[in-house]
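Enquirer: I'd like to ask you about the structure that follows.
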Amino acid sequence: MFTLAEVASLNDIQPTYRILKPWWDVFMDYLAVVMLMVAIFAGTMQLTKDQVVCLPVLQSTVNSKAQPGVSGKADFTTIETTTGQGEEASMRMVSFGSAPTGTPAVPLSRATSSQYQPTESGQELKKEQKDSSGRKTNLDFQQYVFINQMCYHLALPWYSKYFPYLVLIHTIILIVSSNFWFKYPKTCSKIEHFVSILGKCFESPWTTKALSETACEDSEENKQRLTGAQSLSKYVSTSSDEGSPSANTPMITKSGFKFSADKPMIEVPSVTILDKKDGEQAKALFEKVRKFRAHVEDSDLIYKLYVGQTVIKTVKFIFILCYTANFVNTISFEHICNPKVEHLIGYTQFECTHNMAYMLKKLLISYISLICVYGFICLYTLFWLFRIPLKEYSFEKVREESSFSDIPDVKNDFAFLLHMVDQYDQLYSKRFGVFLSEVSENKLREISLNHEWTYEKLRQHVSRNAQDKQELHLFMLSGVPDAVFDLTDLDVLKLELIPEAKIPAKISQMTNLQELHLCHCPAKVEQTAFSFLRDHLRCLHVKFTDVAEIPAWVYLLKNLRELYLIGNLNSENNKMIGLESLRELRHLKILYVKSNLTKIPPNITDVAPHLTKLVILNDGTKLVVLNSLKKMTNVAELELQNCELERIPHAIFSLSNLQELDLKSNSIRTIEEIISFQHLKRLTCLKLWHNKIVNIPSSITHIKNLESLYLSNNKLESLPAAVFSLQKLRCLDVSYNSIALIPAEIGLLQNLQHFHITGNKVDTLPKQLFKCVKLRTLSLGQNFINSIPDKVGQLLQLTHLELKGNCLEYLPATLGQCQLLRKSGLVVEDHLFDTLPSKVKEMLNQDTSIPFANGI
């Protein structure tokens, strides 16, 4: 028999799960405990005291006369020797009574030496009959024990014998059914996780502060009380009127939700100052709640399991009630037993009494009463389960009582668990809802962010960029710290990977701010802040993954001069870009688009009359339609890089104001169309580098005003004389081709200042090269040159000379005549530098800063 402690362990649920047990489950647990006690009490009584006592039923014909030894029906007798203390043994005859007709009595002897004496037996029997006054049965004690045991199993109803065990089994089944959803592997993990998160959310200081701020937003007296309040109930909002914040300035956003930053939470230090550890814990809770919701909302297994176990308990109740009602009357005190062992005892029928019948009947009635109460509670539970949709949970009341109007409704198992918690205490769900609100999470981020990023810390991150402007770069923060807008002398602000960036009205303090970078940062701007940016911002960089990330207010910055768009703008999304709003950018001069365009969006032509520079950097996607370029009559600089162009687009020839053309990294093989450049009178810079050009047509001579020509990284094998007829050419870059000879005509380029022929097959240098006395940069590296003429000393303005990667054995001493050349500008192997005279090396080693520009 197992102990009570072992049975009770079946109902041993963790105390933390009590919040998921409504009153009916608790009541049914107590009823199950009482039924368990009934079963154990009845079982104990039955094991210790349960028995039946039986007496034989004597036939009337037999009882009327008892004549031993008459006509073959005489009773058998046994001589029993009894010994008393201090007395002689005497012989005593024990009568077994009359046996039924035709059934001989079975003699039993307890003395092996006894003798059968008919005469003396008859005399003794007569004497015994005279002395006794009761009815003789002639049964021994052992025979009575034998009959009692047989009749216990034959005459006693089975329900009387097994009632305690049935009660115990039924109770165990009910206990298991009540708590199965806490033990089943696929549900217990979710329940355990939910209870853990719920407890942490309830006790989190952030929950208290968030609800307290809602409840006491307009009461200074309440704010003072919040500082020393310890009870959680003081932080619960009960007023729906006080919990509605008023936004002073609307947000210009793409979402329906608006949050104003004009009322920073730091106005109430006692509420908003949150311990760093508590803040980190609250952040972790927000993330846990988000992941748990996604995990639990996708199924309704917990709900189905709870409904299933309730149905099982109800069916069990009906079953117990039905069969118990049939057997309640079978428990009685008197029973008739027919053991069919006449050959052993001589009697066919016995009348028995069951000494536990009265107690068992009372316990059974008590058990039936408990089962009825249990069943009614099960029926009520089923009514509750199907009365309302438990797979949907609304936080409408919480939204009305607090400022967190964005708390979402939940469904499936998540909703069911919250319904169960409400039966315990609705305060749990209310406090839990704080961690479902994005507004609450954003407020927490703002508080933690402002607490961490102070003015002093931000000032340490301010640096000077290449343009000598003060720049601040914020990367992967939860928001924009308020202290940023106190840096009034800041020129450039970069916000990268800040998904919840908000620009408040305080930005109007940053009067020096002219450049803003938004890298994967769809910032929201208040109306006052937008007015400031519209009037003061000059340069805006927007880097995005999807076109929807571009803030709508970008297209309304009427004083914007430069706009840089970097992201996915393929043909399917071109219509979504919203560039039709660019017509508001009346002062836009530079438009930079780095994307994967297949055609230039037609809406760009709305700002074409204002543009002076257009840059399109593709990712290798072929740019097909270029007709819209014709409308950009004022464009002075045009870059079409990595657009898979195979020829120079004809639309370019209509750009009469074009000064610089860059067609880098395309697939151009021939440039015969270059003759049409003669109509571009202002073209001074032509960049055709990183293409597949094989030769340069002689028609290049028609570009009279060309000053810079970049043809590096092509497949040129020679330089035609036509190139050297460009008298205004100041920069010529033919690096990394297959040129073997530098023509002598190069001496005609008297204005040449920068000549790059690195990475070719040149072996000798013509003397005419050194007639270009204005040369400042001469790149001759990675060729086959074996000597440098002494005339290199004629290049008095030379500041950069690259000779590394050739077949030189020494350097000419005339390098000392190049007064502007320094060692930092001389790119050669170390051993070659050592071949120079010491005076020349000393001159080259002089640390004199001489301003120069390499023109590249």
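Here, residue 1 is simply the first one shown, and the rest follow in order.
A Cβ is built for glycine as well, from the same backbone N, Cα and C atoms used for every other residue.
Annotations for this protein, taken from TrEMBL, read as follows:
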- 110-122: compositional bias 'Polar residues' (COMPBIAS)
- 123-134: compositional bias 'Basic and acidic residues' (COMPBIAS)
- 1-382: domain 'LRRC8 pannexin-like TM region' (DOMAIN)
- 678-757: domain 'Disease resistance R13L4/SHOC-2-like LRR' (DOMAIN)
- 100-134: region 'Disordered' (REGION)
- 27-47: transmembrane segment (TRANSMEM)
- 162-182: transmembrane segment (TRANSMEM)
- 364-386: transmembrane segment (TRANSMEM)
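Each of these features: where is it, how hidden is it, and who are its neighbours?
Expert: The average per-residue pLDDT of the prediction over the domain 'LRRC8 pannexin-like TM region' (1-382) is 67, rounded to a whole number.
For the domain 'Disease resistance R13L4/SHOC-2-like LRR' (678-757), residue counts in helix, strand and coil come to 17 helix, 12 strand, 51 coil, using DSSP.
Non-local neighbours of the transmembrane segment (364-386) in the same chain are 24-25, 27-28, 31-32, 34-35, 38, 163, 167, 174, 306-307, 310-311, 313-314, 317-318, 320-321, 324-325, 328, 331; each lies 6+ residues outside the stretch with a CB under 8 Å from one of its CB atoms.
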Enquirer: What else in the chain is close to the transmembrane segment (162-182), if you only count residues 6 or more beyond its ends and a Cβ gap under 8 Å?
Expert: 7, 10-11, 13-14, 17, 20, 25, 28-29, 32, 35-36, 38-40, 42-43, 46, 188, 191, 302, 305-306, 309, 312-313, 316, 320, 331, 360, 363-364, 367, 374
Enquirer: Quick test of the contact rule: Cβ under 8 Å, at least six residues beyond the ends. What residues does that give for the transmembrane segment (27-47)?
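Expert: Residues 1, 4, 7-8, 11, 21, 161, 163-165, 167-168, 170-172, 174-175, 178, 313, 356, 359-360, 363, 366-367, 370-371, 373-374, 377-378 contact the transmembrane segment (27-47) from elsewhere in the chain.
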